[in-house]
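Asker: Would you mind keeping the following structure in view while I ask a few things?
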Amino acid sequence: MAPSWWGRDARANGGGGGTPVVVKMENPNWSISEVSASEVAPDSPAGGGGGKAGRGKNARQITWVLLLKAHRAAGRLTGAASAALAVAAAARRRVAAGRTDSDAAPGENTALRTRFYGCIRMFLVLSLLLLAVEVAAYLQGWHLDVEEGLLAVDGLFAAAYAGWMRARLDYLAPPLQFLTNACVVLFLIQSVDRLVLCLGCFWIRLKGIKPVPLAAGKEDVEAGAEDFPMVLVQMPMCNEREVYQQSIGAVCSLDWPRSNFLVQVLDDSDDATTSALIKEEVEKWQREGVRIIYRHRVIRDGYKAGNLKSAMNCSYVKDYEFVVIFDADFQPQADFLKRTVPHFKGKDDVGLVQARWSFVNKDENLLTRLQNINLCFHFEVEQQVNGAFLNFFGFNGTAGVWRIKALEDSGGWMERTTVEDMDIAVRAHLKGWKFVFLNDVECQCELPESYEAYRKQQHRWHSGPMQLFRLCFVDIIKSKIGFWKKFNLIFLFFLLRKLILPFYSFTLFCVILPMTMFVPEAELPAWIVCYIPATMSILNILPAPKSFPFIVPYLLFENTMSVTKFNAMISGLFQLGSAYEWVVTKKSGRSSEGDLLALVEKHSKQQRVGSAPNLDALTKEESNPKKDSKKKKHNRIYRKELALSFLLLTAAARSLLSAQGIHFYFLLFQGVSFLVVGLDLIGEQVE
């Protein structure tokens, strides 16, 4: 309510004159409601425009309105300051912990990472020296871009600075400008490719293009084998203690005649306790009447590819027509097989039917939200468009159904790369097999919630394709597929999307842009720095419209991740030490509560033989927040990201001296983004 003195002042001036102002003081932000002059009585001083008292009172009211608005702004600044203090406290804890990415896991090769970090550190030191020189020149009053003004200045420093300007004009600027132009051309080509993919997705939606099976499977369980073919379900896993129970339960609950499908749990765990738990879970479902087998390899060669290859060598595999693969954290819906297997019927040239992924933890933190944007574009646009117009796309390694004949015809699983899924897809495509992508069939899984886990996953996903490109390039050239299919494989699938994209992203925005600040004779246009990246980010975010508020963090984070992707691409292309590293992505064991409750309800209606998994207890355990609080959490400091952060912030300071506008803001925000990631302030690390 308004203070009493305000009312006395109003009564002293005639009771109702002026512009009434209602002030609410219940919260620090103080809301203000103003009434326009048109609502005031015409005979009042404010309405009639006359009287010194009215003018004086209106001036006082405006003063108080401005003061209250200033207080509101101060309240918001206080909130921002509190958030900044919380971030600073978290950063201080990271530094005090002393854990950095140099603390390698057992067997992890860090030689390439150390050399890469050394190069970035060298650029950082050089940029700091150049910034010191430019600041000194600026304080002397010399124009930073004009050499003629220095000819009349005496002194050693002036001569040295003039020599530096001549050197960068004659020797540094031309090659830097050439590299800049080359990266700009690559950027534009990749942007056109992205635009064409989006137009293809729009056309699919406009025309309602959708894969349709020739005949859907009958609901009658006693239907013939042609309606319910024999299906082998494989679940490769390795130390997946957090997720094995709900995933095995979901797979064993698939709506398919039990006599017509067999589940293989392919356990590569080296932890005896985890293996015992998985084996016990398999035995429970065996007592339920589910045809499920537990396999544990003694010699664990070849990672996931070796695991799948070993399972396909079993004698009983010849009795099955199709094989379905689910990674350990995937939870298919009960009707998954009924919605995927019918797409093979009457289409003998179809070798793969791939479903899309959905994520149970996409809103867990900022990192998972940004991953969701990327993967929604991957499935909604890339996979769907390539499947609809080319009948080819990269197999995602899980949530897909293979015709066993296509696997055998393509040479089976090979252990030569860390992307065995892409390897088998390329070889099947060269043999003439077609792929079908189902955008409306989803399989739930889990996104990495920590930056460390996400970074290792992305390293494997970007190193493996370069290994594969080296190995299959000659096979693609010699294959009998058409010219345009070869062009799509070599240029679009491998070079443009797997090699050029991480190359220009890192080189253009993390190397060339900072260097052009210190060598201003080489120019990078503002539309390359701002407008084109913003347009591409909008296109990327269209399949996930609810994520639109995160468009700026997404753009900055993608440039930040280009460091990891570039490092992985180089290691895979040149067969460096980290190219063959395989680190299982850490899981937290999150599940869809609705799916678990449905699973409990379904199995409570069935007659059980012997003991069965305690799904009620599992549901309570999943919904109990105390479970996660017992886990030990830790975070690391990532040196490459921190070094690049300081490099970009140094370049931002240099651009501020020369008033380069949009370049300064981009460098500033990108440097802060690298700083946030370098201090591991994005995501949550769980051990």
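Placement of Cβ uses the backbone N, Cα and C atoms for every residue, glycine included.
Quick paste from TrEMBL:
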REGION    1-24  region 'Disordered'
REGION    36-56  region 'Disordered'
TRANSMEM  122-141  transmembrane segment
TRANSMEM  178-204  transmembrane segment
DOMAIN    323-518  domain 'Glycosyltransferase 2-like'
TRANSMEM  489-518  transmembrane segment
TRANSMEM  524-542  transmembrane segment
REGION    607-634  region 'Disordered'
COMPBIAS  618-627  compositional bias 'Basic and acidic residues'
TRANSMEM  637-656  transmembrane segment
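Are these features on the surface or tucked inside, and what are their neighbours?
Answerer: Long-range neighbours of the transmembrane segment (122-141) within the same chain, counting only residues 6 or more positions beyond its ends whose Cβ lies under 8 Å from a Cβ of the stretch, are 157-158, 161, 164, 511, 514, 518, 643-644, 646-647, 650-651, 653-654, 657.
Listed as Cβ neighbours of the transmembrane segment (178-204) (distance under 8 Å, sequence separation of 6 or more from its ends, same chain) are residues 210, 380-382, 384-385, 388-389, 492, 496-497, 500-501, 503-504, 507-508, 512, 516, 522-525, 528, 532, 535-536, 539-540, 542-543.
Listed as Cβ neighbours of the transmembrane segment (489-518) (distance under 8 Å, sequence separation of 6 or more from its ends, same chain) are residues 123, 127, 130-131, 134, 168, 176, 179-180, 183-184, 186-187, 189-190, 193, 394, 426, 429, 462, 465-466, 468-469, 473, 476, 524, 528-529, 558-559, 562-563, 565-566, 568-569, 573, 644, 647-648, 650-652, 654-655, 658, 660, 663, 666-667, 670.
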